[in-house]
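Here's the structure, in structure tokens; my notes come after.
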Ligand SMILES: NCC(=O)N[C@@H](Cc1c[nH]cn1)C(=O)O
Ligand SMILES: [Zn+2]
Ligand SMILES: [Zn+2]
């Protein structure tokens, strides 16, 4: 109750005009029943009355913290790893589980088939996309919410301190794969909706949902579903705004609203020297080894300072203007804390704040990810791998089109391969998604900023993000509407990494943030 009081007081301080009304709501709320019920009038007609609802919702969210953790535990326990076909059934189970939850809050839902993907020549069925609709009141704004239910792979033996698919609470943090990317935020929307119901209030907006289970593997089939099916069917006709919660604050204390993402161009460089693995004692010295070729090729891609070696790759990068340069100086970002949180000895660019931000947001970067077919497990295995696949990606930036980047990479790799002169077989394939930026001066962003100030009592930073959510630009094009990223998690959540977590505070305050965002957007003109 003390924390609730403190928060309520902070909330009141944000808007002193309605303080008295809020206090009366809060007082009644302590006996835990819905008060200030105004379901017969829409918030748009009576915004001041509607402002009384949020304190009740915040209290409701605090009261239900344990059940929110419980639901996240259930979601994390489903290992919906999209990159490995052996977990495909779990992906389907995850989508169906979420469908059940959306139905429970009254949404009409559909599982849309998106066909097949080809893996090593085999056709593998893609998990369905969960599409939902909640509310159909023409007087209300409609928000389309996107999220993903798949996760990156995780094994305890990768170096996790606890089982990755068991949500574990420790020191105010909820550890588990998908806790922050993206199951926690997806559930956050569900809990925000539930909180409106819980205090007996009508949702102030209509909602449309697109939840997929292939985001971490290139969102296969999703663009076609959105552009060739849902759009012609009129799914986006009444959508006014699009919101995605699938990224993180820049640091650990200051909230952000995000208006840009880098794209991704992901490559599989395959080299084959034999039709099977070979005993290195028997065959070593007699064959041109695939791994030797691959290491040579991978070493041509980027230099030790992170400069990409692919010819022409920087040509289309937008030049830095003086105005843009200034933006980086005002961003609140502690490079030392960032360095410390990942345990690095020294950051690139001498740790210069502006340079670090620019290289995360507006310049491309190339990363080497791994080698399939390599003897990566512990122990002194002595084979010559017959076939290896080197994996690397380039985070691409506005103005860089995936087709153009892919062509530059293919040309460069083919040239280097020809110079190398190996008799082995080399093939390279790619999978790409575009970068995205949005207008952060739009009223939609101002509404999200007001919601953020209510919860965190500080002005959010307008940030960009180095990661990629390929469908963002598709949603922007399909809807023709303003798209906004509203992160729930903190900058040190370690998405994709060992010991991924979400802070209890970010999860719970994030639910309130989503509820406040729905409320603020309901007040925008249509
Ligand atoms: N939270 C967004 C995210 O993690 N996106 C992935 C997308 C991806 C992965 N492989 C191909 N695309 C990312 O790595 O940025
Ligand atoms: Zn991710
Ligand atoms: Zn994600």
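Including glycine, each Cβ sits where the backbone N, Cα and C put it.
Packing around residue 150 (active site) is summarised by its Cβ count: 27 other Cβ atoms lie within 10 angstroms of its Cβ, all protein chains included. Following the DSSP three-state reduction, the secondary structure of residue 150 (active site) is coil. The active site annotation in TrEMBL covers 150.
All protein chains considered, the CB of residue 215 (active site, proton acceptor) has 25 other CB atoms within 10 Å. Feature annotation from TrEMBL assigns active site, proton acceptor to 215.
A simple way to gauge crowding: the CB of residue 181 (Mn(2+) 2 binding site) has 26 other CB atoms within 10 angstroms, across all the protein chains here. Look at TrEMBL and you will find 148, 181, 246 tagged as Mn(2+) 2 binding site.
Residues or ranges marked as Mn(2+) 1 binding site by TrEMBL: 181, 216, 496. In the three-state DSSP assignment, the secondary structure recorded for residue 496 (Mn(2+) 1 binding site) is coil.
Annotated substrate binding site per TrEMBL: 246, 279, 382, 395, 468, 496, in sequence order. Less than 8 angstroms from the CB of residue 279 (substrate binding site) sit 382, 383, 384, each of them six or more residues away in the same chain.
Annotated domain 'Peptidase M20 dimerisation' per TrEMBL: 260-419, in sequence order. Confidence annotation: the domain 'Peptidase M20 dimerisation' (260-419) carries a mean pLDDT of 96 in the model.
Ranking the binding-site residues 216, 246 by other CB atoms within 10 A of the CB puts 216 at the bottom. With a cut-off of under 6 Å between the Cβ and any atom of ligand 1, the binding-site residues 148, 181, 216, 246, 468 reduce to 181, 216, 246, 468. Of the chain residues outside the Mn(2+) 2 site list 148, 181, 246, 147, 182, 185, 186, 215, 216, 247, 469, 495 have their Cβ within 8 Å of the site's Cβ mean position. Comparing the binding-site residues 395, 496 by how many other C-beta atoms lie within 10 angstroms of each C-beta, the top residue is 395. For residue 215 (active site, proton acceptor), the nearest neighbour among the recorded positions 150, 246, 395, judged by Cα separation, is 150. With a cut-off of under 6 Å between the Cβ and any atom of ligand 2, the binding-site residues 181, 216, 246, 468 reduce to 181, 216. For ligand 3, there are no nearby recorded positions; that is, of 150, 279, 382, none has a C-beta under 6 Å from one of its atoms.
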